[in-house]
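Below you'll find the structure, written out as structure tokens, and then a few comments.
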Amino acid sequence: MSQQTDTSQCGGIMVEFESDDITDSRTTKARNIPGSALIYLKGPKFLIYVSGALSMWGDRMWHFAISVFLIELYGHNLLLTAVFGLVLAGSVLLLGALIGDWVDRNPRNKVAHASLFIQNTSVTVCSIVLMLVFSYKERIEQIWDGWFTVSRH
């Protein structure tokens, strides 16, 4: 297979330009092969996989960050993190069937929008509360006359 190229001399430097028909034939070959990686990367299946992976990664990073913040808040002790995990698992156990029934009774699009709104709102509120607690930790301890420190340990 021979490639057609235009060569020109430019100040002692050889410059080669590929003709347009070679590049066009390469892209059409990539489009015509059904199993090519390019088609797969642009397809909806791959985009759904990437979306799910990024969503799971963000969720895991949030849980890790919450655990680190709770450890720092409680004085380098894992008790508050364990209570957080227990509350999270208990809420899944108690509310899982109720939420599952709600998902089955309503249209999927409505459920997806509602769950994303609730999740994003919860993360925002939790982040704001953590920021306020870390920012005003000394003032909170002064207002509560040390009970904040006692309740932490």
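One-based numbering along the chain as shown.
Backbone N, Cα and C atoms are what each Cβ position is placed from, and that goes for glycine too.
A TrEMBL annotation is a machine prediction, not a hand-curated record.
Within the chain, the transmembrane segment (46-71) has long-range Cβ neighbours (under 8 A, six or more residues past its boundaries) at 40, 77-78, 80-81, 84, 123, 126, 130, 134. Summarising the annotation, TrEMBL assigns transmembrane segment to 46-71 (among others).
The feature transmembrane segment is assigned by TrEMBL to 78-99 (among others).
Per TrEMBL, transmembrane segment is recorded for 111-134 (among others). Among residues of the same chain six or more beyond the transmembrane segment (111-134), those with a C-beta under 8 A of the stretch's C-beta atoms are 62, 66, 69, 72-73, 102-103, 140.
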